[in-house]
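Please read the structure below before turning to the comments.
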Amino acid sequence: MAAADGDDSLYPIAVLIDELRNEDVQLRLNSIKKLSTIALALGVERTRSELLPFLTDTIYDEDEVLLALAEQLGTFTTLVGGPEYVHCLLPPLESLATVEETVVRDKAVESLRAISHEHSPSDLEAHFVPLVKRLAGGDWFTSRTSACGLFSVCYPRVSSAVKAELRQYFRNLCSDDTPMVRRAAASKLGEFAKVLELDNVKSEIIPMFSNLASDEQDSVRLLAVEACVNIAQLLPQEDLEALVMPTLRQAAEDKSWRVRYMVADKFTELQKAVGPEITKTDLVPAFQNLMKDCEAEVRAAASHKVKEFCENLSADCRENVIMTQILPCIKELVSDANQHVKSALASVIMGLSPILGKDNTIEHLLPLFLAQLKDECPEVRLNIISNLDCVNEVIGIRQLSQSLLPAIVELAEDAKWRVRLAIIEYMPLLAGQLGVEFFDEKLNSLCMAWLVDHVYAIREAATSNLKKLVEKFGKEWAHATIIPKVLAMSGDPNYLHRMTTLFCINVLSEVCGQDITTKHMLPTVLRMAGDPVANVRFNVAKSLQKIGPILDNSTLQSEVKPILEKLTQDQDVDVKYFAQEALTVLSLA
């Protein structure tokens, strides 16, 4: 920076002020991003006495600039002289925490939380707590909202008198007139509870929690559900029934589906927090109701949690609860009218197999899996197929294979290319589970069909799929079943299919090794150097470059080099370029 020039040490601040006042927002943004450089040049004293006051006074800019400023100030502790001066950063951050734009306020709060840890206890009480109080008592809801996120970081390190004040301020925010503030308080209630003493959690947090959980606004009530998880973790088991469960029961039956959705979404966390006894008496019936909820979003959220909820049930009653109380609800969800619900269930239902064991899986789950494999919604079928490994470990896949096949074939030919892509990605896994005979008989032709799909992404995925299959089944299998079919495509009238032969050879050569590549695949590549389409010819050059390292030197010299040299004389500029590149890379030039 120019400050290094000695006498003209005012230069950087002058530039900054100029650029900060420039009409071009990009220049202002750049100067804010260079703030640490400028602070370094000014030194800690002038940063404190000139730069920070200047920044505090000029907070009236574009949100983008303010966001950058809020972020920078969070890392400024050393630039103002270390922890004993860190309180100098509070005024500009306090201003930023009151602006209208939420993103800027959130970033300012994040920076304030970060620097709070660098305050000594006495500085917290002298500087940080007054800031929290000012924000919490501010006229605008924006400042009161920001205050909510600052209580938990300063509470643990202040005196008990100040702690009492902070609790009172937080209580006021929980009953603020503005829903936005109550929302912010509800969202921070859990983390504030974590730093409170247990007696205060019982005497003060619980009443706040109960009030927020019965707020008139559903957006506040649903945030109280999140806090419920944290609060339940803090309380001893014997207090849960009286202090938390009434509120949780009420939330699980709330008139707003968004609150019930939040209960379903947090269900397994709640389950862990309240423990096995309350789970058995309260949460199992609540879970049944959520799975039967009239709102599809809620049923889908509950469906997502089925496997985890069942896993977490205590071992002594797990099987009984699942078979008598959960499974009947699952059976209804399998034929739900909403495809998101069915898809959510299909993504986890296979996970019940290991929990219930072989006999129950065959008798009770298998019929459900088979029904889902025939579902009209591709996502449902796909989710079942992609989770087959759970079932395979318990009952072996043979039980499913007869129904699997039609489902796989339909997905493999689905009109949506993303569905086709997803099934290709599961093919190596399926192949490994079904075994080579089944694969050759039933699935091989599908894998070949994908190589000539009209969507490039499918052809590309199908090519790497071949490589994974060879890794599973071995190169002898590749030589006998895959390579002849791949090489046959080199004579296809469609040049895209001829190019696919080259792409396949590129990946197959890696797994098949020198012998098979030299004897069986190389001759086809060399022959294709005479293809009428330039795109094919330059891909021949690229293929030779790719497989060259696998071949031995005499083959490279006697067979590959002459062909590449011939291609360097091609009339097409791309063919020449790639042929020359291949010669250079293979050190044949």
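From the backbone N, Cα and C atoms, a Cβ is placed for every residue, glycine too.
Marked as N-acetylalanine by Swiss-Prot on the basis of similarity to another entry: A2.
The 10 Å shell around the Cβ of K280 (N6-acetyllysine) contains 16 further Cβ atoms across the protein chains shown. DSSP assigns K280 (N6-acetyllysine) to a helix in the three-state reduction. Taken from Swiss-Prot, the feature N6-acetyllysine applies to K280, supported by a large-scale study or a structure entry.
Under the heading repeat 'HEAT 1', Swiss-Prot lists 8-46.
The repeat 'HEAT 2' annotation in Swiss-Prot covers 47-84. Listed as Cβ neighbours of the repeat 'HEAT 2' (47-84) (distance under 8 Å, sequence separation of 6 or more from its ends, same chain) are residues 13, 16-17, 20, 25, 28-29, 32-33, 35-36, 38-40, 91-93, 95-96, 99, 101, 103-104, 107-108, 110-112, 114-115, 118-120, 123.
Under the heading repeat 'HEAT 3', Swiss-Prot lists 85-123. Cβ atoms under 8 Å from those of the repeat 'HEAT 3' (85-123) belong to residues 44, 48, 52-53, 55-56, 59, 63, 66-67, 69-71, 73-77, 131, 134-135, 138, 140, 142-143, 145-146, 149-150, 153-154, 157-158 of the same chain, restricted to positions at least 6 beyond its ends.
According to Swiss-Prot, the feature repeat 'HEAT 4' maps to 124-161, an assignment based on similarity to another entry. Mapped onto DSSP classes, the repeat 'HEAT 4' (124-161) shows 32 helix, 0 strand, 6 coil.
Per-residue pLDDT, averaged across the repeat 'HEAT 6' (201-239), gives 89. Marked as repeat 'HEAT 6' by Swiss-Prot on the basis of similarity to another entry: 201-239.
Sequence annotations record features per position, and here Swiss-Prot assigns repeat 'HEAT 7' to 240-278.
Swiss-Prot lists 322-360 with the feature repeat 'HEAT 9'. The list of residues near the repeat 'HEAT 9' (322-360) in space but at least 6 beyond its ends in sequence, with Cβ under 8 angstroms from a Cβ of it, reads 284-285, 287-288, 291-292, 296-297, 299-301, 303-311, 313, 368-369, 371-372, 375, 377, 379-381, 383-384, 387-388, 390-391, 393-395.
The repeat 'HEAT 10' feature in Swiss-Prot is assigned to 361-399.
Applying DSSP to the repeat 'HEAT 12' (439-477) sorts its residues as follows: 33 helix, 0 strand, 6 coil. Positions annotated as repeat 'HEAT 12' by Swiss-Prot: 439-477.
According to Swiss-Prot, the repeat 'HEAT 13' annotation covers 478-516. Secondary structure by DSSP for the repeat 'HEAT 13' (478-516): 36 helix, 0 strand, 3 coil.
Only residues 6 or more beyond the boundaries of the repeat 'HEAT 14' (517-555), in the same chain, are considered here, and those with a CB under 8 A from a CB of the stretch are 479, 483, 487, 490, 495, 498-499, 501-503, 505-506, 508-510, 563-564, 566-567, 570, 572, 574-575, 577-579, 581-582, 585-586. According to Swiss-Prot, the feature repeat 'HEAT 14' maps to 517-555.
Long-range contacts of the repeat 'HEAT 15' (556-589) within its own chain (CB-CB distance under 8 A, at least 6 residues past either end) are made by residues 522, 526, 529, 534, 537-538, 540-542, 544-545, 548-549. Taken from Swiss-Prot, the feature repeat 'HEAT 15' applies to 556-589, supported by similarity to another entry.
Panel annotation: around the repeat 'HEAT 10' (361-399), residues 323, 327, 330-331, 334-335, 339, 342-343, 345-354, 406-408, 410-411, 414, 416, 419, 422-423, 426, 429-430, 433-434 of the same chain, lying at least six beyond its termini, place a Cβ under 8 Å from a Cβ of the stretch.
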